[in-house]
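Engineer: In case it's useful when we look at the structure, here is the feature table from TrEMBL:
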SIGNAL    1-25  signal peptide
TRANSMEM  127-150  transmembrane segment
TRANSMEM  162-185  transmembrane segment
TRANSMEM  197-215  transmembrane segment
TRANSMEM  227-247  transmembrane segment
TRANSMEM  253-272  transmembrane segment
TRANSMEM  284-302  transmembrane segment
TRANSMEM  314-330  transmembrane segment
Amino acid sequence: MGGGVCVFRLASLLALGFVLSCVEASLGDIDPRYRTCVRECQTTGITGENIISHCQSKENDTSVGGSWYNQEQIYVQWKQLNCITDCRYFCMMQREGERQSLGLSPVKYHGKWPFLRVSVFQEPLSAALSAMNLLMHFTGWLSFFLLVNYKIPLRPQTKRTYYEYTGLWHIYAILSMNAWFWSSIFHTRDIDLTEKLDYSSAVALLGYLLILSLLRTFNVKDEATRVMFAAPILAFVTTHILYLNFYELDYGWNMKVCVVMAVVQLLSWAIWGGVSQHPSRLKLWTVVFGGALAMLLELYDFPPYMGYADAHSLWHASTIPLTYLWWSFIKDDAEFRTSTLIKKAK
């Protein structure tokens, strides 16, 4: 029980930090010299020694303004660096060079640190680490699938798994891989559509994991009771995603929603691990506390080292080993429940 209290205090600290951080303005994009540079670049197609060919054709500049569903196809936007993106990037690099020569620290532009671009990858390290997390979830899910279907006993009558949460973890795997896929795309190409898909996928995953955590920790096996648990959360998460996509992408409100769902999950898993005396509770607690500590990287943000590695990318890096450990716990839980049910059947 003491572990749960510690998680609650840590999560509360994180929540406060996130709420405070979301109200900070981006100093870079309100800099008059930066704004003048971007405006002139869009007009002339030239900034410093760089010639922006996309600015010569106004029809290419469709990623700014308007609704995301009216914009050109995502693969076109991803492949073609449009006028406004190039102008912002080169003006940002030019302004940061001027600031560095004056001994000033880097500042954020449009909510992001000044990253060095690699080809079409706007945040190459975060994009690569997101892809690594996707791979870790795929390999974790694959090993879980092989375990429950081929390595542990099946029910003799139905040939189905003894583990009551098998299907729920399969859905979790799909949502996790989807979320990390869009995270990788968003860090590669930051446009309105990829941003909304990234946020929506993350919220959907977090909401589903909240449902799954409550079902597992309260040991809910009856289908009707599961629906009662899931329905209100599912309705809220769906409404929230629709709000973000079709009304307003409110970063502050979205962060509060995500933090609350994360806090409830952390408490549920941490307390349940102790109360149930689960044989793999140490793995579970390591993931819970490790995940909470990793989120401190989001709280104590810092500029990218050498133009690539910032706190957010390091947070993505920290989730890779935690994902491996998390799927290891899920497999242990499947074996534990299967063994328990077989013993009861005898």
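Any Cβ shown, glycine's included, is placed from N, Cα and C.
Curation does not apply to TrEMBL; its annotations are automatic.
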Engineer: For the transmembrane segment (127-150), could you work out the same-chain residues 6 or more beyond its ends whose Cβ comes under 8 Å from its Cβ atoms?
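Structural biologist: For the transmembrane segment (127-150), the sequence-distant neighbours (Cβ-Cβ under 8 Å, at least 6 residues beyond its ends) are 121, 161, 163, 166, 169-170, 173, 176-177, 180-181, 183-185, 187-188, 313, 316-317, 319-320, 323-324, 326-328, 330-331, 334-335.
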Engineer: So which of 227-247, 253-272, 284-302 has the most C-beta pairs under 8 Å when paired with the transmembrane segment (314-330)?
Structural biologist: 284-302
Engineer: Same chain only, please: residues at least 6 beyond the ends of the transmembrane segment (227-247) with a C-beta under 8 Å from a C-beta of the stretch. Say none if there are none.
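Structural biologist: Those are 68, 196, 199-200, 203-204, 207-208, 210-211, 214-215, 218, 220, 254, 257, in sequence order.
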